[in-house]
Structures are given as structure tokens and as C-alpha cells.
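First up is the structure itself, then whatever we jot down about it.
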Amino acid sequence: MTAIRQLTILGSTGSIGENTLDVVARHPDRFHVTALTAHQNVDKIFTQCQRFHPRYAVMLDAVSAERLSKKIKTAGMSTEVLSGIDSLEKVASLPEVDTVMAAIVGAAGIRPTIAAARSGKTVLLANKETLVMAGHIFMDIVKHHHATLLPIDSEHNAIYQSLPQHFNDDLTSVGVRRILLTASGGPFRRLALSEFQHVTPEQACAHPNWVMGRKISVDSATMMNKGLEVIEAHWLFDAAPDDIQVVIHPQSVIHSMVEYIDGSVLAQLGNPDMRTPIAHALSYPERIESGVKSLDIFEIAQLNFEAPDFARFPCLRLAYGALSAGGNMPAVLNAANEIAVESFLAGKMPFTAIPAMIEQVMQRISRNEVNTLEDVIAADTLARETARDWLMACQV
Ligand code: NAD
Ligand code: MG
């Protein structure tokens, strides 16, 4: 009989958070939810508290926490409501918790994710931004504090599943030649280039294969998501940028592949449903039911592959550039992208301004080394300010 795992779910009201709770609910004998966290969605987290009875619920801001607290008291529940970034760090490092799902979106996830690693937890990493912004700092913390890192991003989870079980940071020693990182190509793989300037937020968020949060959906449409994932793969598997080949695979059935020196290519396949990588990481090294339906290979019938088009997707080129520049540049890329996506979603600028803004910000900020989390946060702050200044200057 396996011991019950005590979970903290950071970002429980998001797309990954909800999928995690869906898998958890199928296995009450295996998992107990100790803490849930959300930004502002009081009603959703309240419903989750009613169902999963966590000891703690954390809201980012005090006003939302106050509202949640009232609802919890009125309902006669015992969940303790906390607020603020310190409380996110606290619930990520509780002694009674062994597993932390890091599913906050964006740079906001970095502090609690790092807190979980620092406490030696099993970290189920969905928040790719932590690795993009602070890859070597985070990986050092994971090693130093003997945390266990399991990737949730479907591609990285597929790579993880296609590597030998004893894989320990050295691809060459296990005979890997390269990683084939698959990408759907998003909703605009075939759109006429002249149409890109008219793309609306609704069109950009309508992913052909995956249902996801709005930010990552826009990232998929620009293919910045794949760029961030190249950086993520670099840090997770210690892979050189030249050994990570992006492959457009429109069906999103192969979630990524690993090529070995003997010519073997191992892949992980499945329906595009995040409950598969979530269940894999939650139960690793065992396997559990996830609720994902069987892959109907006859209905799929065909698997196609194309090389990525850097002219159509300049964000991919910018991400490779940031990775090879190193230092503060991946954090600058990530922050500029967050402001660009936010501005596009708010109707303040066209879709085509996303890569333009990021490129300008990367040019305006000089490259320097980042050695501490504070350095990373400083790079993030500067890039956000530079991006906002650029937007203001464009609008006058
Ligand atoms: P989402 O927008 O659906 O949910 C984000 C969660 O983070 C919500 O619970 C929200 O309340 C919380 N949050 C947002 N801003 C916050 C802040 N400032 N402080 C504290 N909490 C905050 O996002 P998502 O699609 O679930 O993605 C979560 C992470 O997982 C992202 O890093 C994304 O790149 C990654 N990811 C998502 C998918 C997917 O299928 N959705 C796939 C791979 C990786
Ligand atoms: Mg992915």
C-alpha cells in the first residue's frame, strides 16, 4: 500500500490546476490536497475547497482572501485562508507536503516554485517560466536540496518518458543524439502572412488541439511557447541548443521524441490531454488512471511532420537567440513576452507587435550575468518597464 501523497497545488484554478484536481479526485486513496492557491478567482477556489478540504487556501491579494475567508466561515469549513507571496512560499514548503504542483502562470510562479525546490519537495513543474528565467539557479537549487523534478509540460514529460529511467543529466552517457521537440504549429500555421496583423485575441486563443490558459494559448499562436520550451528542455535535460530540433507535427499525437546514437527514435504518444503527463508525474514511477480516453490510432490515420518556419514565427528565432546569449536574456525575453501578450489580449496592440516588442526590448537591454534570484527579478522588472515604454512611444 503506497503512502498517501500530500499535495500543494499552486495555481489550482487554472487549466493545469483543474486537470490536476480531476486526476486527484479519481484516486482519493493516493492523494490528499493540503493547500490550494489562486490569484483572484474566489468562487472557483471556494468550490475546490468544498470538494477537497485543504488545510490552507491562499489568494494572492488580501481583498480576495478576505472574501474567501468569509465564504469559508459561513459554510462552516475549517480551511485556513492566507494571502500574499510569502504565503504562497509557505504552502510550497510545508513540512507535511511532499509534492508540489507548480502551475502558476508566468514569472509570478518563480518564488513559490523555488521555495518548493529549496524544501526538497517533489516538484511537478508546469511553470516553464521558472526554468526560462532562472534555469541554472533553479537546477542548482534542485540538486543542492535533493528535490525531485518531474516535467508536466507535455513535450518534456514525453522526453522524460523516452529517456532511460536512470537518466542523470548526461544525454551523451545514455547514448542520446538529439531531442525532437514537437509543436502543433498553433492556429496560424497556414494563415497568409498578410493576415497576421488582423489576428484577434479570440482567434489566437482558439488552439486547434489543446484547451489551455489564455497566455499559453497566445504563446502557442506565436510559437513563443515552443521557444520557451526549447529553453526549458535545455535546462531540464542539459541539452545543447543545436541538439534540440523543433518539429511541426500538426496532430499533436506524438508529444516529443528522443533519438539515440544507434538510430532508434523513442516517442511518447497519446491524446492531447494534460491529464496524461499530470497523472504520470503524480504517480511516478507507477501508472494510474487519468481519465484520458484511449488513443484511436485508426481515426488519426496519419502523422505529419514539417520543419519550423522562422520567418512566419519570429518568436522562435528570438527564443533561440536569448538562449545562446544566456545571462539575463532569457528572463528579458520572457518578461517582454508577458507584457506583449498582456497588451495584445487587452487590445492595446496588434498580434504582429508581439515579436516587434520583444526584439526591441532585447536590443535595448545589455546582456549581463545573473547569479542570484534577485538578479533575475531585476532583469524581469527592467524588461517589463522597457516594454511598457516602447508601447507608450509607439502610441504617441
Ligand atoms: P491559467 O491561466 O489557466 O492558470 C494560471 C493559474 O495561476 C491560476 O490558478 C491563477 O489563479 C494563478 N495565477 C495567475 N497569476 C498569478 C499571480 N500573479 N500570482 C499567483 N497566482 C497566479 O494557466 P495554465 O494554462 O494552467 O498554465 C499554468 C502554467 O502551466 C504555465 O506556466 C503554462 O506555461 C504551463 N503549461 C500549461 C499547459 C496547459 O495545457 N494549460 C501546458 C503546458 C504547460
Ligand atoms: Mg508544451
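Using the three backbone atoms N, Cα and C, a Cβ is placed for every residue, glycine included.
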Out of Gly213, Gly227, Gly263, which is the one TrEMBL records at the NADPH site of Thr13, Gly14, Ser15, Ile16, Asn41, Asn127, Glu129?
Gly213
Identity of the Mn(2+)-site residue among Glu80, Glu89, Glu96, Glu229 (reference: Asp153, Glu155, source: TrEMBL)
Glu229
Which candidate from Ser93, Ser173, Ser184, Ser264 does TrEMBL annotate alongside Lys128, Ser154, Glu155, His207, Ser220, Asn225, Lys226, Glu229 at the 1-deoxy-D-xylulose 5-phosphate binding site?
Ser184
Of all the binding-site residues given, namely Thr13, Asn127, Glu129, Asp153, Gly213, which is spatially nearest to His207 (1-deoxy-D-xylulose 5-phosphate binding site) at the Cα level?
Gly213
Suppose we screen the binding-site residues Gly14, Glu155, Asn225 by Cβ distance to ligand 1 with a cut-off under 6 Å; which survive, in sequence order?
Gly14
Neighbouring C-beta atoms (10 Å sphere around the C-beta of Glu129 (NADPH binding site)):
28
Which one of the binding-site residues (Thr13, Ser15, Asn41, Asn127) has its C-beta surrounded by the most other C-beta atoms within 10 angstroms?
Asn127
Taking a cut-off of under 6 Å between Cβ and any atom of ligand 2, tell me which of the binding-site residues Gly14, Lys128, Asp153, Glu155, His207 pass.
Asp153, Glu155
